[in-house]
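Engineer: Annotations for this protein, taken from TrEMBL, read as follows:
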- 184-201: compositional bias 'Basic and acidic residues' (COMPBIAS)
- 56-285: domain 'Cation efflux protein transmembrane' (DOMAIN)
- 183-218: region 'Disordered' (REGION)
- 55-74: transmembrane segment (TRANSMEM)
- 86-107: transmembrane segment (TRANSMEM)
- 119-140: transmembrane segment (TRANSMEM)
- 152-175: transmembrane segment (TRANSMEM)
- 228-253: transmembrane segment (TRANSMEM)
- 259-277: transmembrane segment (TRANSMEM)
Amino acid sequence: MKALSTAHAATLRAYFKPDPTHPDCTAMHTQNLSAWTHSHVFDAGNQAAERGTRLVMWITLAMMIVEIAAGLVFNSMALLADGWHMSSHALAIGLSAFAYAAARRLSQDGRFSFGTWKIEVLAAFASAIFLLGVAGLMVFGSVERLFTPQPIHYQEAMAITAIGLIVNLACALILGGAHHGHDHGHGHDHGHQAHGHDHHDHGHGHGHGHGGHDDHGHRHHDINLRSAYLHVVADAATSVLAIVALAGGWWLGWSWLDPVMGLVGAVLVGRWAIGLMRQSGTVLLDREMDHPVVEEVREVLAQFSHGEDGTRVADLHVWRVGREKFACIASLVTHDASLTPQRVRHALSIHDELVHVSVEINQCDDGRDGHDGHAAHRGHRH
């Protein structure tokens, strides 16, 4: 076993021995690796959204304290209920603000292989679960009121609801402004080259720019900001429904309208929560292989195929590492000895959204799969 290990080590040393004639294989790499390394901060953050969510959290907390205090002073259950209801939204919005701060402070932490952006996505997923719980409580409360009606102080309740609606609309405007004003993260072109024998090479380039696509509607937006926005909009929507229900009960005597509108609001909030869970869950589980950028990558790789025995894609992985940024791993099998990882990465560099690209070239000789003639890749598995 020792002799085998020594022989294997000698083979590996010969295999990875740099070619002194290659322009990139000079003594430079022993002094400075900057041409081969890059930052893993793929997303520049959203400072406007961080400030906006923090401000909205404090506004919501202030309104919550005022309502609870007024409820205790005036012995109003309506005020107390609305105050405690706002506490759930304050907690969820606070979670969004915390996620922004955590992602920013940990952005240089090397333990995160592909950056800290998914901290924000994780917060959005947790917020969606919270929002779904609020919808469930709304259903429970509405059904209870439907079968056991309670006397409603319409004037007081409408005044409280109107104030809450105004506050929520103001918060929605703040978060909406944060969305339109936020900066998008941009990758960096490090222009490093790879040797033909490299197994994994990481390339970044913005090339001549990508024409851009809509990225499936809102999927490229800030998911964490959207989660905070949904909490505010959900509260505003339920306030509008409450005003309609209270007006119907006050003027027409339809007391049943209050719990019915509560159920309608619960369904609306529940649908928003499920949509947010799907959106954030897609990112967390790296379910991105149906994204348009994947087809664009396949089209680029297809350019290297020349007939039936040409280059073929053996393996391809694409996943999101930022709002509009993706990482890609591609494994190609070819008879073309001139095909190198840097050629493939250069072809892919036209797509600005690809900020971390790894390319593996497997040379196939007379039907025997091998990696540059050294390692067999028959039955390659991951």
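From the backbone N, Cα and C atoms, a Cβ is placed for every residue, glycine too.
The shown structure was predicted, so the numbers you read here are calculated from the model rather than taken from an experiment.
Any idea what these are sitting next to in the structure?
Structural biologist: With a cut-off of 8 Å between Cβ atoms, the residues of this chain six or more beyond the transmembrane segment (86-107) that come close are 41, 43, 45-46, 49-50, 53-54, 56-57, 60-61, 63-64, 67, 115-117, 119-120, 122-124, 126-127, 130-131, 133-134, 164, 224-225, 227-228, 231-232, 234-235.
Non-local neighbours of the transmembrane segment (119-140) in the same chain are 85, 88-89, 91-92, 95-96, 98-100, 102-103, 106, 222-224, 226-228, 230-231, 234, 238, 262-263, 265-267, 269-270, 272-274, 276-277, 279-281, 283-284; each lies 6+ residues outside the stretch with a CB under 8 Å from one of its CB atoms.
Sequence-remote contacts of a segment are chain residues at least 6 beyond its ends whose Cβ falls under 8 Å from one of its Cβ atoms, and for the transmembrane segment (152-175) they are 49, 52-53, 55-56, 59-60, 63, 67, 76, 78-79, 82, 86, 225, 228-229, 232-233, 235-236, 239-240, 242-243, 246-247, 249-250, 255, 258.
Distant neighbours of the transmembrane segment (228-253): 49, 52-53, 56, 85-86, 89, 92-93, 96-97, 127, 131, 134, 138, 152, 154-155, 157-158, 161-162, 164-165, 168-169, 171-172, 175-176, 179, 260-262, 264-265, 268-269, 272-273, 276; these residues of the same chain sit at least 6 beyond its ends, with a Cβ under 8 Å from one of its Cβ atoms.
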Engineer: State the non-local partners of the transmembrane segment (55-74) in its own chain: residues 6+ outside its ends, Cβ under 8 Å from one of its Cβ atoms.
Structural biologist: 80-84, 86-87, 89-90, 93-94, 97, 160, 163-164, 167, 170-171, 174-175, 228, 232
